[in-house]
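Swiss-Prot lists HIS121, HIS125, HIS131 with the feature Zn(2+) binding site.
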Amino acid sequence: MSIEIANESGADVDTDAVLAVARHALDEMGVNQLAELSVLLVDIDYMAELNHRWMGGDGPTDVLAFPMDEGSVDHGPGENAAAGAEPALLGDIVLCPEVAAKQAVTAGHSTADELHLLTVHGVLHLLGYDHAEPEEEREMFALQARLLASWRSTRSR
């Protein structure tokens, strides 16, 4: 699995941990091992610009996900890369550490924990999950919590 990360935010971020949680979520979701993903960390001004341009939102947001091959990605237990399978371009996740830091204070955890949560959230969006409706939100957020808990349990060993 190829995961590229670029920190253009100016914030001190443990990019290895962001990569690890993204890889864990993709592995747990059974995503094809040939899949490609990029993660970009940006400053608050650029995130506000992206949010306005692509989502019609005002101001910055915490995470944006831009799927590429949505729908063609294998995900689910036992659906890892088959011989001769083509790489899947999952897409891009854009994170804003400054927004994450503010949300972390409200949530009562570290900025790193918030960035890990947002990374998993972005991965799930790339895999087609959404939270526009209450039932979708329950499903997505429960899966997000499960993936984070399983990742944290692997790190504490």
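Just so you know, the numbers here start at 1 and follow the chain as drawn.
Note that Cβ sites are derived from N, Cα and C of the backbone, with glycine treated the same way.
A quick note: this is a predicted structure, and the numbers were derived from the prediction, not measured.
Where Swiss-Prot records a feature, it is marked here on the structure.
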residue: HIS121; record: Zn(2+) binding site; Cβ within 10 Å: 22
residue: HIS125; record: Zn(2+) binding site; Cβ within 10 Å: 20
residue: HIS131; record: Zn(2+) binding site; Cβ within 10 Å: 16
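Apart from HIS121, HIS125, HIS131, the residues listed for Zn(2+), the same chain places the Cβ atoms of VAL63, ALA65, GLY122, LEU124, TYR129, ASP130, MET140, GLN144 within 8 Å of the centroid of those Cβ atoms. In the three-state DSSP classification, HIS131 (Zn(2+) binding site) falls within coil.
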